[in-house]
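Annotated compositional bias 'Low complexity' per TrEMBL: 53-66, in sequence order. Marked as compositional bias 'Basic and acidic residues' by TrEMBL: 83-97. TrEMBL lists 11-65 with the feature domain 'DUF4124'. Feature annotation from TrEMBL assigns region 'Disordered' to 53-97. The feature signal peptide is assigned by TrEMBL to 1-21.
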């Protein structure tokens with residue numbers, strides 16, 4: 001910012017600070033119309049309105065400090081929310097991977113049981129007893145690992 005702009009800014013701030021301290025007069029005319037002005041009413045039948053006091057520099061500093069504290073708290077809450085969301089996403093990804101692994105394992109076990117059943121049906125003699133035992137073991141393993149199948 002240039003020196004010229006700084007001087008204009010300072011002048012504008014001084015003018016704005018002094019403008020807030022001027023009295024405001026409320027005048028009521030004979031026909032009942034209300035007007036507001038910076039000068040007292042001509043007929044003397046007016047009221048001076050109370051102007052709010054300009055905020056003190058301490059109040060502005062306090063307000064800025066409160067704003068900074070609110071921003072810090074908002075940033076902290078935002079970071080905590082983001083951290084929770086990331087943890088939830090990681091947990092969901094782990095659960096999805098575990099479900100996929102279980103689905104694949106159950107599919108493999110179901111396929112092994114089917115192959116063992118086919119082998120038991122096609123076997124004859126002493127091999128048939130062994131094939132039936134393998135088929136029963138495959139069915140038991142499938143029932144144990146994947147109860148819904």
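Start at 1 and count along the chain as shown; that gives each residue its number.
Placement of Cβ uses the backbone N, Cα and C atoms for every residue, glycine included.
TrEMBL entries are annotated by machine, without manual review.
Note on the domain 'DUF4124' (11-65): mean pLDDT across this stretch is 73. Across the region 'Disordered' (53-97), DSSP assigns 41 helix, 0 strand, 4 coil.
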